Structure formats: structure tokens, C-alpha cells
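Per TrEMBL, the features are as follows:
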- D984, E986, D1093, D1145: divalent metal cation binding site (BINDING)
- 502-931: domain 'USP' (DOMAIN)
- 437-466: region 'Disordered' (REGION)
Amino acid sequence: MEFANVFTPTSTEDQLQHVGDMVEEGIPTDEVVVDPSMEEMFDPVNMEFVELRSVLADGGDHYGVSAVSFDLQEELLWMGNQGGHMTSYYGLDLRKYTSFQVHPECHEVRQVVSIDGGVLCLTDNLLQCNARTGMCLFKFTDDRIMSDMQTMALTQPTNLLMGGMQRTMAELDLTTVRVIREFNFAEDCAILRLSNRYACAGSTTGKISLLDPKSLNVEHTLETHSGTLSDFDVSGNLLVTCGYSKRIGTVDRFLNSYDLRMMRMVQVIPVHIDPMFLRFMTTYTTRMVVVSQTGQFNLVEPDPGTPPSFVYQVNTHGGIINFDMSQTCQAMAFGDSTGAVHLFGTSSEDVCYNTFSDDTEFAPTNEPLLPIDIDDMLTPLSTVPMPYTQEKLLSDWPPHLCRKLYRKAPLVDSDVLRTMKVVQFIGYAPNPGTRLRNQVPYRMDKGSKGRQRKRSVPESPLGRGDDPFLAVPKRYRRVEMKYTKLGVDDFDFKHYNKSPFPGLEPILPNSYCNSVLQILAFIEPLSNSLRSHLCSREFCIACETGFLMHMLDTAKPGETCQATNFLRAFKTLPEASGLGLVLNENVDTCKVNYARLIQSWNRFILQQIHNETVKEEPEAALPSELSQGYFDTSGSSIIKDLFNTNVVSTTRCRCEREISRNSSSLLFTLLYPDCQIQGLNKPMQIAFGEVLRSSMCLEHTTQAWCEDCGKYQPTVQSKIVKCLPDVLTVNCQVESQKDFEFWKIQQELRAEAKRNKTEEEKPVLQSGITAAERGPKPCRYANMCTRKDCRFAHEKDKVVEFEDPVDMMGLDDIIAPWVPPGLCLVLDSQRNLCVQELWDDDDSIPSDSSSTTAYYELMGVIAEVHESKLIGSHLVSCVKVGRRYHQRKTGQMRSCWYLFNDFCLSCVNKEEARLFNLDWKVPCVLYFVRKDISKRFQDPVKNPITTDVLLNEASLAKSRGRAISFAPLQPNELPQAGDLVGLDAEFVTLNQEEAELRSDGTRSTIKPSQMSVARVTCVRGQSPQEGMPFIDDYISTQEQVVDYLTKFSGIKPGDLDAQFSNKHLTTLKSTYIKLRHLVDVGIIFVGHGLKKDFRVINLVVPPEQVIDTVQLFHLPRQRMISLKFLAWYFLGVSIQSDMHDSIEDARTALRLHQKYEEMRRDGDDVSTEVKIREMYEKGRALQWKALDGDLDGGIPADILQDM
């Protein structure tokens, strides 16, 4: 286990000394952690900035964005790229304003500065001033002093100071465009910043020279970093820098702060990202923004007592090259190497660039006349201007070629007929509002004349059973669970699940991951391996995932399971909290981007399970590599065997310097090209396989340091796939409007191609009805037919693909699945990847593969469902259950697609699983599995839990006066199948119940209380030591307990704390595997209210292994009887007088079971029921209060007479 270096500095000298010691010892400074509280830093609720807009700049497909700058006079954002082109964008929606070429030889734009009359653009050998409308005002060049210019700054409104990699700096008069003065500088000048006293010039050697703005003499020099200076900024008398360390060779994970009055460093500010750029937020005095090259940025306060803010992530596919902040500090702009500009703004609605901006001048525009399709029947012809001509128009058809057709009157809505009131002969009804006034929508029937197409949506909402204005099908919606005083015990889960598989409950926090867990459970090699895994770590995600998959595999059809223990272990992972994957209970779920969250969680969980199941100790990956999407897959594990893809990453500079390194990837993210090519009237159809291939073999340009060139250069980074995985996981990453339009267009083009192909290939019979429409002839014996190979149609063989008539009907004419059901991936001899789509039936996908050829079938799909802004969104998954799994669970040899909407399960059509209506269903993750994966992995499930878990174990409690309340099992008394064991569990409350009072005075439960098991006791049921407990574990918990329920649980504060407890304290995992072993052996548990006990413990026990005394002494439609009353009535003993004791309760349950068996032996079932009815009558007379004493002497005589 590795620990970060945590320290609490008391002074600036302590900070410097600690960081210096770490450098001397070779410890990376990026492990310095000042504030141990990281939760608030990654809490999405604390976001001050949100992404407003991202656009692909002009020339972005060839050049990266080298400079961005906010205009200081108008609401404009200026961008310069590496091809010497300038573009300005207006407003928060980044509407293109002007665009022009600066350098004729396509040299990159290095800096942009706005002035009153226009904007200044600096390249390596050219300075150009343009008006904001694009017209060039002047150009300045001088081969003597402008050989490699890098930066510029306005010393006065008309004076410009320029510097670069050469040792000469020059001051230019902008009114005369002449050099006022020039002087030689001791260092190169890469960055220029102005303060109220100095002109600060930073060099690549890590030095900052403070110049007198009037004389330009060097007044002071600051030694900031031993390596290259990355960026710095000045605010008042405070100067802050970031850069590189020469000893370590990486970015320093801290900022150096200097006081210009004392000319010395005053503070070291640790940061949590690799700082590459920084800017002061002048409206917040000392607050600043720190940006890394990978797209992360953070708001930093120099005060060490201030908690860190949220770490933001720019959605970029390359590195960040430039960054700027607006004058109001309400907007930030980022330019990346892929040619995109990203705009971030504050969460408020009135975001502006400047406090008082001038009005922007726009050119007058003439609205063009849009073309009208010849088949367009909706656009009025009056929108077409009538040409002035004396000739006959083309639309003036001769009479013999025309035929008058009248539109058929639509049927009257059944809502109108139902509510109509007839007065004399006129009917009056309220307008249902389903149609626009004086408009009758109609649809052209392109099919055959003898067949009328069925309406996709009924005229009336009656009969549909739901809101007619909600487009989301019923089975995709989030099911709201109704709670009663019994919690969820009386909720009918089987009403929503008619499938042979169990579902998962969504009531726990962070249960958004249910969709991924339900898919991973059906990948049999992964499920078998995790179910066979067991380790000694208390919080192991791999172990908890294996336990959960075992529950899902052994649960009865229609039941539900909870991922309680899994989510409990997940919350303890600091890496998950650091990535923002752990949601707080009070977070507004309507504002959570579940699509982005589940894709990040999918990436994290695969790496986490690999790290926990790896057979060899993995080497820690560098943080910079992990942030760029590389995975640490050293060692061997089931995750690596199934999901890993070896990739060769190559980096090539302009100077032909090439670096190659091997990396691994567990999943791939789709990157979408532009399908609307300029000059084409119709969007281009792009195959899914081509998009997948380009995403796997990604090639892009980014800014990187070149050792040969000695500076940052545009480098081409490419990837080559070396091997093919068994499970191909694809993150769809449909986030921007451009990505939505791409999916929508491709599905529409697929539907159009499908319609054209269908119309060409359908053979038409003489009656005018196609053979496919007619179908097979009905069988003469109907449903009484017993022939298995009968080729005629039977009514019983019809399969209803859709339960709700409004689900997906009508979409087949508009969109069609763009994702194919199968793929064929081939690596040729040069390791070039070829992706071929397989659109035939799933059964026709070949299963033979090799190391260079693999056939995949789509196995799982995760989608985000948007219901409304008030309800928010949630995640669902579609899983294709294979034949082997179906045969094992149901005995039927078939494969079928199922929709998993948490605990709501239904069978869906294979087309529906791949169809995405982007209005409410958005794709998130796709899982492609090799067709022959069952042949490649044939390891069965091996139960890792042995009898050793029942033997004596050490306690976590550190108290010496610990009392032993149980006798561990000996090897000669290990339990066998069918043995009785008394069980009782006690709980504590982690979260109180949330309820509200209705207007009628009734109480409604909004959210039930969250319980955690605190004590588990198992008592011998049949042995010479009958009644002696062999398990009496107190469960240690790290979560905050709000109520110990001492009166009902017997748990007191301190019993669950290892420092103060005198009990036998263990972990929940240790107790869980003991109970799992007893279940696997076949033990029969006897207890009172075991259903709730097993639910909170998160354990699935077969019904035949449970004897619940609640049910033994219960009559139908009557109340449940407490254990205390049953013990008093049938056994004549008084229990639970002061507080509950699980040992006493377990023994009492065993004695009640023996009493029940004795009653059955003495008589039949009728006599036993009579005795139970007598108990109910006496209970009502006593108001179900067990009196002190035994049954004969404890009840007063007057009450006995009334009985």
C-alpha cells in the first residue's frame, strides 16, 4: 500500500524546506497533499464555471489553435491558429464574426492583443493590425529584429513592446508604425507581463527579468524554476510562476509566489494538477486559475486555509495550447491542438466579457430563398416569388393530365365523441387540443394501394394508459417506488419484472452504476472469475462485484437484489471521489450528466478490478499518462485477458524525430467526423465501422516539447493496434450538439437506404400484396396442432415485440439502427486495422477467429433516458442473453434481448436495442463480445469460501478486557446440509427516514431510513451444545451512525469502535463470507423476521433454507406477531425487557420452531391453526402487550375471565 506525502506547513520556510527535501530524495513533488479533504474539490455541486460552447475553428481540421484572446472593447473572442489564420467569434454562442489570413506563408499566430482601433496579430516575423471587421490597417516586418518573435505587450496606448527567442527587444510606435528604440537583452523573452511598476519578461531558462517601463533597463532578476518557465502572471505586488524542474524533468506540482516589494519568494502553493498556464482573477484580488495541458483547470487561493475548488475538465481530444480570461473574469477560453475553441463561463445567466462593451457592427444580411423539394406538400406556394413572364408556366398542366382529388375528412376524435353534449341536433364538446386550428395533418402513403398503413399513434390518448404528450415509452421511464410504514417490503417488484432474471434496486445513492453491473454479470468469463475471487482486503471492489454477481445468478426470477455492500466499498475508494464519481446524497440528480458519469465510471471500474485481481504487483503509472487515457495493465488479470488492447503510440515531430512506446487500453472512445461536407447538398453517410476504426487508430496533432528542436512543436501522434480484445468496449461520448446531429443524420440515412433496398427487393404477387406482408398460411388445426416441424402459422407462435403501442412504432420509416449487430476486425500483415460491419442475422455471424481476425456480436448497450427537466434523466441497459445462459436459467435454448431499467425488466426487439431516438434515448456505452468467447474461456466457477472462515479469528477491538460470548465451531462439528442454525441480526441507522404530512393528516414516506448491520449472531440448533452461539460478530463501521437504536438493538456507542469496544469486532466482509458459506452448505436458518435481516445484510438465501417464526404463527390477512409476545404466550418466558439481545432472540426463535413442530406432532394442521387463532384472540384482548411473569401467574384474573 502506498501513501501520499501529507504535511501541514506552519510557515513559508517549512513549505520550501519540505519540497526541497522531497526533491533531494527523488520523491515526485506531485505527491504533495496539503489539504487532506478532497471531497469538496470534486463535488459537482460546487462548480462555479460550466462549459458554454465548443466550436471547431476555421482550419481546425489541419491546424491547432495557437492563440486566443478576449477583446477588451467588444463582446468578441479572437482566435489564431498554427496556419496563420485569424477568426473572431461574437457572444456566448461563438457566432463567427470575421475571418482573415494573417501570414501569407501560414506561419502560426503567436499572440493576439486588442486595441481601440482593431486587433494586433503577432507571428514569428510579422506584426499585422486589422480592423475588427477584417480590413488590414498596417503590416510591420523587419528581418533584423523580427526573426523569432514570441510575445508583445502594450506599455502605453500607442507603444508596443515586442520580444522573442532572439536577444533583441524592440518598442514600436503604433501611430507611425516605426521602431522607437531597441536594445539587447541578456536572455530570450518568451512571456511579457505588465505590472504597476515593472515590465516583467520571462525566459525559457526559468528567469524573470523586471524592467523599468520607461528606460527598459533590467532592475531585478528572479530565479523561479530550475527548468523551463511555463507561465507567470502579475497582480499588484504579487507575481506567481509555474514551470519545470530540471532534476525531475516534469512539471512542478506547485506555484512559486513572489512579493515585488521585497523581491523574494514568500510562498509555495501546491496544486493538484500539472500547471501549464495561470491567470489572476483580478476581481478576486489574489485568486487565480491554473490550467494543465491535458485540459484540467482549478481555481486556487494562495491562502493555505482555503479549501480547494472543483477540478474542471475541458472536453478536448488533444492538448491545451493557449488560454485566456475575460476582463470581467466571468468567461475563459481554451484553444487545443485539434483546432477547437472551448468557452467556459460562470453559472450565472448574465455572463459578459467586459463590464461596459461597445456595440458590435454587423453587416446587413439578405435572407436567401430556401430551396423547396418537389415532393414537399406542406410549404405554401405563396412563399415562392412569382416570376414576371408572359410565357406559360411549367406548373400549368393541361386538363387531360390532371385529376381532382379531395382530401378525406379525418375521423372525429373519440375524446370529442365521449364528452359531446347534443342540444337539438348540434353537438358541443371541449377542444382536446390535439390538433392545430384549421390544419389537418396528413401523411403520404408510399406503400401499395391495397394496404392502408396502421396509424403509429392513436387519435385519442384513451387506451394508451399514460400521458399522451410524453414521448418516452412506459418501460423506459423511471419507476417511482411507493413506500409505506413497512418500507419496501410490501412493494410488488414482480409486477415490473416478468423475466427470468432479477433486477437491481435504485434507491441507494450512486446506484447509477446498476446498468454497467447488469451487463458485466452476463459476460460469463468475467462473472465466473470474479465469483471465484476472494482476498483479505476489507474493501475490495472485485470481491464485492463477485458477491453481487453470485446474488444475481442465484436469485429467483422476478426478485430484486441490492448492491448495498458494493456501493459501500465503492464510496471508500479515494480514487473514485477524486474523479467525481461518488455523488452526495443531497445532490440534485436533475443536474447530473449521467452519460458522462457512467462512461467515466466504466473506465474506472475496469482499471480498479484489474488492480485488485492482478497476479503480479503492478508498477504505478505516471499521473500524466493516466490523465491522457492510458491504463496501467501490468501483470495478468481477467480484465486484461478480456478487455485489454495493446497499442503502439507514435509521436513524430516536424524534424522527423519519432518516439514510439507501448501502451494499453481497456476501452475506446468514439470520435465523430463532420458528415456535412461543404459543397454537398446532402450529408455524407459514414459507416459505424469506419468511425470505430479511426477512433481506435487515432491520429491527431498536438503541441509537445521536442528535444532536437529545443522548443514546443506541433507533433503528430498516432496509434497502431497490435492485438484484438475479447470484449470490445466503446464509449459513445455523445455530448455536443454536433455529436447529436451526427447520430441523428446517420440513422436517418440508414433508414432511407433501408427503404430503397426494401422497395427494390420485395417480390410483388398478383394481388398487389408482397409475400413478406402476407406471411405463411394459417394452420388448419390452429393451436391444437402438435407437429413440431409444422410450417404453417399458429396463433400461439406469435411473439409480441413491443408491449406499448407508442414505443417505437413509426420510427422505422424515419430512423434505422446505425450500430451493426456484429463486427469483423482484421489486422493485416502491416498491422493495419480493418473493421467490417456484419448486418446479417446474429446467428449467421461466424464464430471462427484467429489472432488477427475476430468476429464480434453486440452484447450490451447502455443508454441515457431523458424524461423531463423536472424528473431528470437515468440510465438503462439492453443486454443480449445468450443461449447457454438461457438454457441454464430457463431450460430454453434461445437468445433474446432484455431491457434492464433497474428492477423493471422486459423483453425487447433486437432492432430496438440498437435504435436511439436522440430526443430521449442517448447512447453511452457499447459492448461487443467475441462470438467464440465461450470456447476461449472455459473456467468454471470455483467457490473460494472454505470451512476455514468458521474457525476462530482475531478481533479488531484493541481493548484487553474483551468478553467472549460465543464458542467457535470445532473441526468435528462443522455444519452439514439440513442442519438448523438460529440467526438474529441487529442494526443501526445511518440515515433517518424522510417523510411528509399530507393535507389530510396522513403520513407519506419519501425515503426510507438506511440501515446497516451492527451485530450478527448464529446459534447451534442441533448438537450437544444446542443454544450455544458460534458466531457473535459486532460489525465495525466507518460510516457515521445517526441512531444506534439501543433499545431495539442493544448496540451502544463505542461498541463498533475498535479503540473502545470490548466486543468481538470484525469487518462486514468477514461476517458476510461466514453466512455465505452457511448458505452454500445448505444450512436451514431459523429466526424471526429474517426477510429484513437478509435484505440489510445483502444476502440471497433460497426460501427452502429459511424458517421464519413470523410466518409460522401467522394467519392470512392478520397482523404479524412480535417475538416477545410469541415467547411469552407459547414458551411462558419474558424477553426483551430492557433491550434486545441477538443471542436471546436467536435462541427464542429456535425454541418457537421446536414448539411449532411439537404442536404439529401432537395434532394435525387444523388443531395447530386453532391454537394460533386462540393466540390472536388473547393478543387482541391484551392489546398485544406481553405481561411480566409466566402465562398462568402473570395475567390478572379479570382479564382471564374476559378471555
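Glycine is no exception: its Cβ is also placed from the backbone N, Cα and C atoms.
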Checklist line | Other residues, Cβ within 8 Å of D984, E986, D1093, D1145 Cβ centroid (divalent metal cation site) | finding: L983, A985, R1015, V1016, T1017, G1087, H1088, G1089, H1140, S1142, A1146
Margin query: Suppose we draw a 10 Å sphere around the Cβ of E986 (divalent metal cation binding site). How many other Cβ atoms does it contain, all chains included?
Written below: 24
Check: Pick from D984, D1093: which of these binding-site residues has the biggest number of other Cβ atoms within 10 Å of its Cβ?
Finding: D984
Checklist line | Cβ contacts of D1145 (divalent metal cation binding site) (under 8 Å, same chain, 6 or more positions away) | finding: D984, T1017, G1087, H1088, L1123, I1135, Q1136
Check: Averaged over the whole of the domain 'USP' (502-931), what is the pLDDT?
Finding: 82
